[in-house]
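Visitor: Take this structure first; my questions come after.
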Amino acid sequence: MNAVNDLQATLDASRKSWIESANDPAGDFPIQNLPFGIFSDRGNDARRVGVAIGDQIVDLAALQAAGLLNVPAHNVFARDALNDFIALGRDVWRSVRIQLSQLLARDTATLRDDAALRAKVLVRAADARLHLPVQIPGYTDFYSSKEHATNVGAMFRDPKNALLPNWSEMPIGYNGRASSVVVSGTPVRRPNGQLKLPDQERPVFGASRKLDIELETGFIIGGGNALGEPIACEDAEAHIFGMVLLNDWSARDIQQWEYVPLGPFNAKTFATTISPWVVTLDALEPFRVAQPVQEPEPLAYLRHRGKHAFDIHLEVTLRAQPARQASTIARTNFKYMYWTMAQQLAHHTVAGCNTRVGDLMGSGTISGPTEDSYGSLLELTWNGKKPLALKEGGTRTFIEDGDELTLVGWCQGDGYRVGFGACAGQILPARG
Ligand code: MN
């Protein structure tokens, strides 16, 4: 078999693992997924690279040390971020994926039948702590959902001209703040800032009263470009290592006062949460679908042939304190996005901007066509005018202290799911 066939075999829907929990049709981490992350555990608090499979994590540092993983770099998994591994390039990511898929396949005895070896290289996910998967040199956030941009434009500007003329010509974006990207499970403190109340001439300083989520995905740059050398749209996907779920927490009242003329600043700098497992584009390949028709046809540098959207089902839940059960407040899909990841990356670099391994690119809030598929409370409650009812009583317009917001997402395969795990955060009260 050659490498192309071996890579194709990692996507075979009928492939099962000897790790039985990986064969659960509703689980996020079947043998077809194999997402990369950074973990530590009770027995070993050193951070290292792991791959999720069922309810287990494969310790790649231990696997390489045991001589079971052939990689052209010594000790590259005993690191506190994926960057050094990612920098080895796409052929190496693919080779590791192929080797892991073969080692974990039901018919492969190497690990399956060696209890001592299994004890060295497998860690129960329940005993592990997950960390930020990449060291992020830069974070950019786009605004690429037509439904979201239309809803926000209608609310804050003019329902008749909700989309600004530039929106359908380019993936609008802004430079976000990389230093405050945190991993799922990290509490988020409600921000203080300038609030402009409608009946007052000058702003007051205080805690945001309109704290919101933005349901997004993010992609991680796997191969950067040099300063002054743009990435062509047709080549852009080869520069992407994989995807995560991303919650671009947003303080709408701070945002509305500060965003003209240079865009959001403190409304979004306080925290961005990402899910801990990076799902590779290779694992997402079976879920590739056509993007929406783009009218007008984009300028030449934003054109690509073929299908460049991905069918990823997405949900948001809200758990109020002290409720036990979370309420699902939105269901949507990544495939609705107007601009593709490839177009975003081509546009990001067209003026000569360089990107680096580990850079994070947010999709923009992912809203679907129906009122229950909007990716923010701003839209779901129409700026607080239509409160949402929660499962165990009570309502919400915006987020209250103690609320826990969780994003989940998965691609539905034939008898299995390629899932992202959770992207969760609980809101702490503002500093007094
Ligand atoms: Mn955003």
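Positions of Cβ are set from backbone N, Cα and C atoms, glycine also.
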Visitor: Quick check: of Asp235, Asp248, Asp253, which does TrEMBL put in the same Mg(2+) site as Lys268, Thr272?
Guide: Asp248
Visitor: Glu214, Glu216, Asp248 bind Ca(2+) according to TrEMBL; which of Asp113, Asp114, Asp127, Asp141 goes with them?
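Guide: Candidate in the recorded Ca(2+) site: Asp141.
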Visitor: Looking at TrEMBL, Arg157, Gln255, Tyr259, Thr365 are annotated for substrate. Which of Tyr139, Tyr143 sits in that same site?
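Guide: TrEMBL lists Arg157, Gln255, Tyr259, Thr365 binding substrate, and from Tyr139, Tyr143 it also lists Tyr143.
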Visitor: Sequence gap of 6 or more, Cβ distance under 8 Å: name the residues on the same chain that satisfy this around Tyr143 (substrate binding site), in order along the sequence.
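Guide: Listed in sequence order, they are Ala149, Trp167, Pro171, Ile172, Gly173, Tyr174, Gly364, Thr365.
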Visitor: Checking proximity to ligand 1 here: which binding-site residues out of Asp141, Glu214, Tyr259 have their Cβ closer than 6 Å to it?
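Guide: So the answer is Asp141, Glu214.
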Visitor: Listed recorded positions are His148, Glu216, Asp248, Gln255; which of them have CA atoms within 10 A of the CA of Lys268 (Mg(2+) binding site)?
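Guide: Hits: Asp248, Gln255.
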Visitor: Compute the C-alpha separation of Glu216 (Ca(2+) binding site) from Thr272 (Mg(2+) binding site), stating it in Å without decimals.
Guide: 10
Visitor: How big is the gap, in Å, between the Cα of His148 (active site, proton acceptor) and that of Gln255 (substrate binding site), rounded to a whole number?
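Guide: Computed Cα spacing between His148 (active site, proton acceptor) and Gln255 (substrate binding site) is 16 Å.
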Visitor: I want to check the contact list for Asp248 (Ca(2+) binding site): same chain, sequence separation of six or more, C-beta distance under 8 angstroms. What comes out?
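Guide: Counting only residues 6 or more apart in sequence, the Cβ neighbours of Asp248 (Ca(2+) binding site) under 8 Å are Asp141, Gly176, Ile213, Glu214, Glu216, Lys268, Thr272, Gly362, Thr365.
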Visitor: How far apart, in angstrom, are the most distant Cα atoms among the substrate-binding residues Tyr143, Arg157, Gln255, Tyr259, Thr365?
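Guide: Greatest Cα separation within the listed binding residues comes to 18 Å.
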